[in-house]
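Over in TrEMBL, the protein carries these features:
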- 113: active site, proton acceptor (ACT_SITE)
- 152, 153, 154, 155, 156: ATP binding site (BINDING)
- 409-431: transmembrane segment (TRANSMEM)
């Protein structure tokens, strides 16, 4: 949950919306409660109670409240639409019990998720428009940044392009502050971190009966129903299996076999357009610099801070993934005991990120040097949420804002000159009166 704030009398300006606070909802996403939808609503209560404390009481009724669901719910809606509707109904029931101005819950499309993430990043970095010290809005000379988001069930790439998309489904036209933007965007469902980990596990069960991406010394029981219930693992699902059966899977710390599991996720051979990223999806040439956030950031941050490895180049990122995959379970635990729940998956995650960027999206060393892995910008989290809120509340106008905010610099100059002229005239009149008085005294 994110709470944003802006001055009440400045709602049509820009550069003023900031993140006030946030709250991490405990447990899985709302799609994980498909079998018990009421729990989806209850999972939000702790954060909603925080919102009651964070938002001033007198502003509760006037504060808009939105819920946007992303790829996890898109998957659920594809496979079990009735369960998806029940989950949305349950969270709606909970949200309407709070004194905020609830304005609806909906499932975002992959295109929405990509574009809103791009808007968020460029809004926070003031790439659309900026308010200068002279009291005027101006358009920065720097261009926009591309945005790459890695969520739990999907990944998005979005960037401004000068050429029309060969596939109209990948092109979005935006008008922000009087400026037109042609934006390429695509969302790859089943390529989010959680679903990729499940797909790599399913492939490991199919071919190795052990997991090359998991560290030696790590072993766990895997419920087959959890692995194969997702539509994302359909290609690896056996024709017949016992969904309640558990199998013991052990890690082998094998970087090359792990790389193979990651590589096979990307079909780069079939393309009916002039060029593609992967799986036959059109992608124009990569343009400009990029910001990579969400699980992109968390994966690379682990390699940098916990493993102490450089990741400034694609070659270094690959080497960091290999080094991580060579670690034993004991070695990883010694480095980050507080991250035990996710520790075994960092090897697979790192291999996937490296392969997605290089093999999937086509970054070479030169283009990769322009990728910044960030969690925040301007003290606000980078992600689709802020862009979604800005769109729904119309805080980004299509037309450019007025040239003045308060009194513009040029107006102050005019007023200063007028004041100086009046002061000079008053002095002249005063001198004349003094001289006239002296002349009368002489007579």
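Cβ from N, Cα, C; glycine included.
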What other residues of the same chain, not counting 152, 153, 154, 155, 156, have a CB atom within 8 A of the CB centroid of the ATP site?
70, 71, 110, 113, 149, 150, 151, 187, 188, 189, 191, 192, 193, 195
If you measure residue 155 (ATP binding site) to the residue listed as 'active site, proton acceptor' at Cα, how many Å is it?
9
Residue among the recorded positions 113, 153, 154, 155, 156 whose Cβ has the most other Cβ atoms within 10 Å
155
Taking only the Cα atoms, work out how far residue 153 (ATP binding site) lies from residue 113 (active site, proton acceptor), in Å, as a whole number.
12
Which whole-number value in Å describes the distance between the Cα atoms of residue 152 (ATP binding site) and residue 113 (active site, proton acceptor)?
13
Cα-Cα, the residue listed as 'active site, proton acceptor' versus residue 156 (ATP binding site), nearest Å, comes out at 8
Students should find that the Cβ of residue 152 (ATP binding site) has, within 10 Å, a number of other Cβ atoms equal to 21
Helix, strand or coil at the residue listed as 'active site, proton acceptor' [DSSP, three-state]:
helix
